[in-house]
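Colleague: First the structure, which I've put down as structure tokens, then a few questions once you've had a look.
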Amino acid sequence: MVFVSDSSISLPIWDAPRARGPIVSDLAIPGSKSITNRALILAALASTPSTIIDVLRSRDTDLMTDGLRSLGITITEEAVDRYRVEPGQLSAGSVECGLAGTVMRFLPPVAAFADGPVHFDGDPQARVRPMTSILDALRSLGVEVDNNNLPFTVNAGEVPEGGVVEIDASGSSQFVSGLLLSAPRFKNGVTVKHVGGRLPSMPHIEMTVDMLRSAGIEIEESENQWVVHPGEILGRTWRIEPDLSNATPFLAAAAVTGGTIKINHWPIKTTQPGDAIRSILERMGCEVELVAQGEGYDLSVTGPVALKGIEIDMSDIGELTPTVAALAALASTESRLTGIAHLRGHETDRLAALTAEINKLGGKCTELKDGLLIEPASLHGGVWHSYADHRMATAGAIIGLAVDGVQVEDIKTTSKTFPGFENVWEEMVG
């Protein structure tokens, strides 16, 4: 179901800037939300203090920081993008999740180690996001939870024993990651077995496993199963990579306008799903190159004369769907995006939302059982609704580069992961 805000509430409209020629720009992208919030969890559960460098400051990461502070964790801002995290006994408290999936799914297992009840709530949309899998998993591990959706209260009473837990994570890989991040603190560790349909967004689970190992935790992996041994999570220094998924709309600007966009400090080795944009843009006709720069690399993308459509299974990279769908709506040939039925449970039902908004601008988008079919069409201006979804908002901005008169409702919803997005975008377009 697409979340529709109260019609009595007037949301601001942003005139998406139209590109008048090829866009050429060199950009630095803020840190990864996914890595920042995982680092915050691991630092809070560690045995010694940690330092986190190049922290992303956004609504989602601020919600995570505030949630951990409400549980008694000391987080000191040494600089705007540098935190010192001092772990300690977790206490009873109240956590505001907003619309952040990482907060509502990563913090309940952490709350199992608090010395009293922890209450969770969030935005209205958050109350309909899937939560049963993670909450049932906690119950099977001996943790008391009083509801199946937000709002709910977690109350463990004493350190849970742990053990084997079966979970259907076909709706979100965050269910697995949430359990894995806290698993070393359970007395006997935790074995997580996924028993549902195809598991989406595997790179995010790989990110979680990689970071746990970097913090000294032993994990054994097999198909749909993770065995996390009990042990001390080591405090350490975490340096956060740029958020590659947040880079994708800017790279799309090169693809749409035939220009060249360079993203600074692109990691040569990463678990971020956003790295897949390199191969996607190549398949759609772009020139893509990693350029050595000092001790690292920049990513350079130059757009084609005519953008080609793409047929792609996006089950592991679902968060890129709004960017790719926007590109597909502007492409010269048909696109088919599959493997993304789970996006119906994201900030909004992204499949229904993308279909509605593309078609309102004259596009031809058909919602499939597990994806989208997007055919070439001549688009026109109009209001693009964001549904309080940051990636829907950036998709509208992409289309606005090539279509006169596109207006994006509530562009500031991008502050969820990229505060000031619209200012950076306008400066890029010029």
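Note that Cβ sites are derived from N, Cα and C of the backbone, with glycine treated the same way.
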Colleague: Check Swiss-Prot: it lists LYS33, GLY101, ARG129, GLN174, ARG350, LYS416 as binding phosphoenolpyruvate. Then name which of ARG69, ARG82, ARG198, ARG391 it lists for that same site.
Modeller: ARG391
Colleague: Round to a whole number and give the Cα-to-Cα distance in Å for the pair SER173 (3-phosphoshikimate binding site) and ARG391 (phosphoenolpyruvate binding site).
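Modeller: Spelling it out, the Cα of SER173 (3-phosphoshikimate binding site) and the Cα of ARG391 (phosphoenolpyruvate binding site) are 18 Å apart.
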Colleague: Applying a 10 Å Cβ distance cut-off over all chains shown, what neighbour count does LYS416 (phosphoenolpyruvate binding site) have?
Modeller: 23
Colleague: Within 10 Å of SER201 (3-phosphoshikimate binding site) (Cα to Cα), which of the recorded positions LYS33, ARG129, GLU319, ARG391, LYS416 do you find?
Modeller: GLU319
Colleague: Would you mind reading off the Cα separation of LYS33 (phosphoenolpyruvate binding site) from GLU319 (active site, proton acceptor), to the nearest angstrom?
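Modeller: With distance taken Cα to Cα, GLU319 (active site, proton acceptor) is 12 Å from LYS33 (phosphoenolpyruvate binding site).
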Colleague: By CA-CA distance, flag whichever of ARG38, GLU319, HIS346 among the recorded positions is nearest to ARG391 (phosphoenolpyruvate binding site).
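Modeller: It is GLU319, whose Cα lies nearest.
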